[in-house]
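Annotation source TrEMBL lists Ca(2+) binding site at Asp82, Asp83. The Fe cation binding site feature in TrEMBL is assigned to His364, His369, His521, Ile644. The domain 'PLAT' annotation in TrEMBL covers 2-121. The domain 'Lipoxygenase' feature in TrEMBL is assigned to 118-644. Residues or ranges marked as site 'Essential for stabilizing binding to COTL1' in TrEMBL: Trp106.
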Amino acid sequence: MVQYKVTVFTGDRLNSTTLNNVYIKLVGTDGESDRKWLMGLKGTSSFVIGAVSKFKVSCSTSLGKLVLIELDKQSLPLFPEDDWFCAKVEVKSPEGDIYIFPVYRWIADSKVHRFKDGKVFEDNHHLGRYSRQQEIQQREEDYRWDASAEGIPHSMKAQNPIFLPSEVQFSFTKTTEFVYTASTGLTELKLKGLDNRKEKWDNIDSINRVFCCKKTDISEYVQEHWKEDAFFGYQFLNGVNPILIQCCTTLPSNFPVTDDMVFPRSRCNLADEMKKGNIFLCDYKLLDGVKANTINGKKQYLMAPLVLLHKAPDNKLMPIAIQLKQTPSDDNPIFLPTDSEYDWLIAKIFVRSADFNHHQLNAHLLRTHLLAEVFAVSLLRNVPMVHPLYKLLKPHTRYTLQINFLARRLLISDTGNFTQFASSGGEGMFTILKRSVSSMTYSSLCITDDIAERGVEAVPNFYYRDDGLKVWDIIHRFVQGMLGYYYKSDSEVQQDSELQNIYDYNPNINPIFVCSPQSQHAAVNSGQYDYGGWMPNTPISLQLPPPTTKGTTSEATMLATFPDVNVTVQGMATVWLLSKQSSDFVPLGQYPEEHFIEEIPRKILKDFQMELEDLSLVIKARNKRLEVPYTYMDPAELENSVAI
């Protein structure tokens, strides 16, 4: 007889404990053990939260090289079946070899669950019924595609979050905090009672009093500076929608700006400034002709502006012309900083409202949430747990499927907050999403290519670009090192059939960057309350059309244009929820589940974490010198997945 020493690690998540009987079978290249009841000296405490319990499994002969374990649990007559979170199992063979089987799964039923040795990546299809194909078949049943609407990326099929596979559901902590924030947002913001007031704001002081209930350092700065041209221009670089601005080398034919308009009595002219790379354009053509929502029984307005900006000698980015509709006409004036105070301010307000809707549906929902879900479902359907791509990407799918399910239910459903209260809610929302999908390019999802294509490599004070390129570079080296360890040549990659199935849309996108709030999602998500909490800076909707002639506006016009009180507070509560970080957040580069067990990958991971720590220190030092700190891509502040 030979003995195998088995150590079982129960996870430290809340409710990880099981009181059920746990059984194991060891499978090797030369045979398999009997199914063994893991009953040790600890008795029923062997599998309590955080427990590390040791057992012995006897076999008549050596099983050869261990490649697989089977785990199952059975309830006792007087105890109900419970859920058990097993972290990992270690087995020491009679020959002295140590095998580690990463599990990190909830085992919630009495079925047999199979887990492979963490080092097994070579072809092991000779194992017959234990082949990877069986695992993939089960995953294809667990993770099914659903087509929510034509022209929009597919999503995970689920009727309710509780029916999602347990491995992708929220933790108890995450569930509790999310439900609490979602249900008490208006109370927490001290806005309860205002959510039913369907009247217009009568003065700016009333908005001030509401906003004063909950501020951040940046939102307070926004409140003080939202009218200023320099801050208006700054937000195109470092606000929540930094992916739209581009260098302008030729004026669009539908934007007939002249030198006299933007450089009156100046030696500057547009042609020269464009040649110098000092003119920039933001074009919201994606919103052109979109049917605006009806809110509180009133028609809303959503423009498709063109905005021209000039890099001034002091390196500030200043708006110099705004046209609020795409087609030039007499009733579509080009607004200028030299216009009356409220003509110019209302033009900027319409731009900021357009930016909110463009950002939420294109930059935020589509390009991070929906794409992250495509990656997650494709990964979980097609890739076995021992595959290096699974180990690499799995942490970056944490909570994504459930948060997207909740977004579809709470935000963009027929009764969702965005549908009810945003000017692009309803029919317009799907128009924008479909246009965004059809116009999306591979290169626009890669920050290195995107920055170059937009011609914004040299714009001063562009912290999204500066931090994003550094994060991208660190991630690129990490991924390159990891994959270089497992794949020695291009031909090995080409011959990996499992790898070819991972990406349904494009196999070359840097998936960690796209899917992680540390980078793209963080840039477009984390600052939503900072920049949108003060409603006049980012109106969720507007309920008067823009002026068709100059000189007809006033403060009263602005107040009448703003969304109603209830729309304002619902918008505030929504961006508050979307900006709220959970206490069980996992920062970029942290892999709490030890899937990588080989020495070299573990070193590569450690180097990755150290590079991120160094970058975090650099960003923090820079931010101390800034009037408005840019924290959204600080690795220490960035969640490892799209989880909110």
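Count begins at 1; order follows the chain as displayed.
Glycine too: its Cβ is placed from the backbone N, Cα and C atoms.
Note that TrEMBL annotation is computational and uncurated.
The Cα atom of Trp106 (site 'Essential for stabilizing binding to COTL1') lies nearest to that of Asp82, taking the binding-site residues Asp82, His369, His521 as the candidates. The number of other CB atoms found within 10 A of the CB of His364 (Fe cation binding site), across every protein chain shown, is 22. Residue with the densest Cβ environment among the binding-site residues Asp83, His369, His521, Ile644: His521, by other Cβ atoms within 10 Å. Between the CA atoms of Asp83 (Ca(2+) binding site) and His521 (Fe cation binding site) there is a gap of 32 Å, rounded to the nearest whole number.
Counting every protein chain shown, the Cβ of Trp106 (site 'Essential for stabilizing binding to COTL1') has 19 other Cβ atoms within 10 Å. Nearest by CA distance to Asp82 (Ca(2+) binding site), out of the binding-site residues His364, His369, His521, Ile644, is Ile644. Taken as a whole, the domain 'Lipoxygenase' (118-644) shows an average pLDDT of 91 in this prediction.
Counting residues per DSSP class in helix, strand and coil order gives 5 helix, 61 strand, 54 coil for the domain 'PLAT' (2-121). A simple way to gauge crowding: the CB of Asp82 (Ca(2+) binding site) has 15 other CB atoms within 10 angstroms, across all the protein chains here.
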